Amino acid sequence: IHCRHERMIPWPQAAHNPNLHLDPPLKKEEERRVRANDREYNERFQYASNCIVTSKYNVLTFLPVNLFEQFQEVANTYFLFLLILQLIPQISSLPWFTTIVPLALVLSITAVKDATDDYFRHKSDNQVNNRQSQVLIPGSLQNEKWMNVRVGDIIKLENNQFVAADLLLLSSSEPHGLCYIETAELDGETNMKVRQSVPVTSALGDSNNLATFDGEVVCEPPNNKLDRFSGTLYWRDCKCVLTNQNMLLRGCVLRNTEACYGLVIFAGPDTKLMQNSGRTKFKRTSIDCLMNTLVLWIFCFLVCMGVILAVGNAVWEKEVGSLFQSYLPWDPPVDNFMFSAFLSFWSYIIILNTVVPISLYVSVEVIRLGHSYFINWDRQMFCSQCLTAAEARTTTLNEELGQVEYIFSDKTGTLTQNIMSFNKCSINGQVYGEITDPLEPKLDFTAFNPLADPEFCFYDAGLLESVKVGEPRTHDFFRLLSLCHTVMSEEKSEGELLYKAQSPDEGALVTAARNFGFVFRSRTPGTITVSELGRPVTYSLLAILDFNNIRKRMSVIVRDPQGRIRLYCKGADTLLMERLHAGSQDLMNVTSDHLNEFAGDGLRTLALASRELTEEQWEDWAESHRAADTAADLREERLAAAYEQIEQHMTLLGATAIEDKLQEGVPETIAILSLANIKIWVLTGDKQETAVNIGYSCKMLTDDMGEVFIVNGHTVQSVRQELRSVYLTLYFIVHACLTLWITAFALVISGHSLAHALEADMEAELLMTACACKAVICCRVTPMQKALVVELIKKHKKAVTLAIGDGANDVSMIKSAHIGVGISGQEGIQAVLASDYSFAQFRFLQRLLLVHGRWSYLRMCRFLCYFFYKNFAFTMVHFWFGFFCGFSAQTVYDQYFITLYNILYTSLPVLAMGIFDQDVPDRRSLEYPKLYEPGQLNLLFNKREFFICISQGIYTSLVLFFVPYAVLSHASQDTAEPLADYQTFAVTTATALVIVVSVQIALDTGYWTIINHVFVWGSLGLFFSIMLAMHSQTLFSSSPNQFHFVGSAQSTLLQPVVWLTIALATVICIVPVLAFRFLKLDLKPQLSDTVRYTQLVRQKKRKAVCFRARGGSRRSGYAFAHQEGFGELITSGKNMRLSSLALASFASRHSSSWIDTLRKKKHSHAPTPPGAASAKPL
């Protein structure tokens, strides 16, 4: 384990030099100075305490701050403005409670939700801040709460304790000053990591010695870089360079270490954990954006109606109202018809504001919350193997799941299991691991090797026999696997070994060597102990030449007990073959063929080689390596040059092939999603050949494809030329009508080509080419490139994107996409923590999108259509009434009906429809993926559908006003008294309205549950109950000024003509809707209509799907999951069920349907490739 430590240099200006006692930084901290055991000195700099505050409110600030935040929403501010208008007597036609009741309800619900969330934040903060730590104060260890720990304190940590702050490791109970930590809360990785104490303080092993420690640390200011730290420790006229390997970060857990001591460098909000806890980017759905636009349009429509009615008021007051001035004068301060019109405008703004009721926003959030719970409760998305359920980590994106067009997926751990198994190998030109008899049992290693792992599977007895007979190359092969790695070994009892590998690849290779007799037992910073065929052998570890993504290989240099020095190297064949001895050419050719075969099977490959070094060669190289390692500048480049120098003239030993098996159901899921017209792009760090073969394995690439294009250029010009060539080929094929037999194409592009293609002047060509293909695979891409590819589609395509991954390297991609999905796999939980939805296996994605996503989109669209319809039907009656009441801003309905219409009478039925409705069962949604396409094309709720809804609402309002007006104008009671009075008209119109909208939602509901029945018919019954109560003599007697409609409901509803009027209005409103829907179902049915009809007529026959295997071989399948830095650390002493026939016939049946026509229109403006404008079809 490496801590970069400069040679002890006398430092003439000691740590207590007055020149170092600088004034505290006034503004931005440029560097940090910390002195151990000196709180008085450290407090001068006013560093943050270790108290963590993630809550937003306290008892005093909750109400003002929460209300301020809520009124940041335009809708809430709008309704507050209306409330203020209603408090002005001259313009208010409605009592204040008609607005304040729904507004207060919305604000209260939101406030309760925010308070609950903040309560749990307070609870979590208190739990963390009150944890106990042992702090050295002064000179003795005392228990102290975390919140009271200060920068400069020395803390004692014991095994399994959380690290309280960012600490500089001073000493440890383990040999060589080592300690072991788990960093799952930081980076999601569950494997153990090793840290080492500062060499000059590692001997200070107890509190008595550390009590006198007064070293001073000068380091970088607080930042969020988890993998980097730079600083210098000054103590006793010496200085020591500090790196990240000397740091224990807050959030880590001490493991397998009895105790250690650390100096607090960063505390509380300055720790790297808190510096990385910034807010995730807020994501909005396309429906949210559309709703904002529509609400703006509605507001403009509201203003127009107000202007029309205000103009009408001015005309009426001038032409007619002036005749009544002698006995009906204007109320002060009105003194002319223009001012009357001005006040009338605002009065009508108040009356007509219900075209956009505040309950809309609350209802949307309730529906989304319900959809999220359905995802969480779905047992078909529960993984029984790892006991992990699906989780909706957000409630704002559910309907967006029904509109996804592009999926960006990681490969390892997402499509595959990320559980590696040693499958095949090539040793000295001989292949082992081929299975000739499928019924042959796996080898039993226990008789040969008592230390073998009983779970290891291998079937070729020839390799075991080669080990037993002592084949030298075979022994060297497995000796390399047992030595060349950074695995940590834990022996809980005799012979019970537990390997802690930072990557599944390394674990699989070391386990393979273990079973074939070369058992890695333990390591120290300078030795590796191996049991070779039962004989313990200790090698001196001279150097580790660490892995990184540029070198794509790692090496170790060891000295065996006989004093011989050897270099063992494993890595990518394309790079390792270039560094072999010239005499290995024949073996290289044979092994390359084997590597091609392995890669063709989709296996992850590595080549192995070794070199014998003389003592002189070692000494010369060690000196150059030492100089590079201690260089003050360009250290990484100098180390890389030193590694390159020694890794030459090696002898090829062979190659390994590791299988990373596909997850269950991946091919079926990709096939179904493809049929739903979802394009799948795989963005992986693996080698091109491996990724391509996994693409064939999971059926993303198929033999039916016209061609798989590969872009592998290394220069800007070559990449541009290849992209243009691919696009021109696609363009000519399509326009030559050759697609009758060629269904799809795929594009494979390497990371270095992608780096050029993502440049601003070439991204359009990349976009055109990639989007013309059904599948895209990007190989050897960095995490940042993954995010840039996602951003490219978001920027240029009006399409919803979804990114899915399982590792920390997928976080940027997950956050960039419209929807991020995390898989809780073998690479920790960081991807899950950054995601919007999470589950355990890739196959659950089809249910998330095709069932929950499609249903959520369908429900939300139906909810919005009905909501706007019922509110326009309700509100526009006031507009028509304005022409018959002298534009006096008189309301049609009782004031309590206006208040309760959207809160009680019509809220629950539409909520039930928005939460429970479905057009087809979940099984049919998966059987017919084409049902997903309306969401991609945004067909169910758009501007056109919105105008249809409000047009129906305006038509309904016309009927509801003029039919009762026309009938009641000439009707009379049984007593021959006329019925043409205001209150009778109001009760008749309100009753007809509630009945019509209830019948309408009954027609709109496609899936009835007991809740729907209770809410629809219960709301209707509730309306009559409340109306009879409000119009009763009892309430009138208690408050005659508030209940003006005394007896109106009773007297009105007893008249047969009233019920005939209501029935006539209902029929006129509903019959055209029924006629239109029957005609549409007969003449232009939707896909869901076809599926429902199919269910009624006959049962679908399901047949097993048959996929054709892909043959052929690929180049290198090199893939190695590893991180840079572990070698340096060790040497320094710091250690599918789908009927494809049904799907195909269904797809072809609708190939020329209205959806395809719309899709062609959507893409009709696709750009023409350069040079293709003048091209003619072949």
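Note that the numbers count up from 1, one per residue, in the order the chain is shown.
Yeah, the Cβs are placed from backbone N, Cα and C, and that goes for glycine too.
On a predicted model such as this, the values are computed, not experimentally measured, just so you know.
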Pick from 171-191, 1032-1052, 1158-1178: which range does TrEMBL record as region 'Disordered'?
1158-1178
Nearest of the recorded positions to D806 (Mg(2+) binding site) by CA-CA distance, picking from D410, R604, G685, R780?
D410
Give me the CA-CA distance between N809 (ATP binding site) and T412 (Mg(2+) binding site), in Å, as a whole number.
11
Counting only residues 6+ away from its ends, which parts of the chain sit with a Cβ under 8 Å from the transmembrane segment (1015-1036)?
894, 896-897, 900, 904-909, 911-912, 987, 990-991, 994-995, 998, 1001-1002, 1005, 1042-1043, 1045-1050
D410 (active site, 4-aspartylphosphate intermediate): nearby binding-site residues from F547, R604, R780, Cα cut-off 10 Å:
none
Other Cβ atoms within 10 Å is the metric here; tell me which of the binding-site residues T412, D806, D810 scores highest.
D806
Determine, using Cα-Cα distances only, which of these binding-site residues is closest to D810 (Mg(2+) binding site): F547, R604, G685, R780.
G685
Examine the transmembrane segment (896-916) against the transmembrane segment (1056-1079) and state whether at least 3 Cβ pairs sit under 8 A, considering only residue pairs 6 or more apart.
no
Residues of the parent chain within Cβ reach of the transmembrane segment (982-1003), under 8 Å, 6 or more residues beyond its termini:
866, 869-870, 873-874, 877, 892-894, 897, 905-906, 909-910, 913, 956, 960-961, 963-965, 968, 1016-1017, 1019-1020, 1023, 1027, 1031, 1044-1045, 1048-1049, 1051-1053, 1058, 1061-1062, 1065-1066, 1069-1070, 1073-1074, 1077
Tally of residues which DSSP labels helix, strand or coil - the domain 'P-type ATPase N-terminal' (34-100):
31 helix, 2 strand, 34 coil
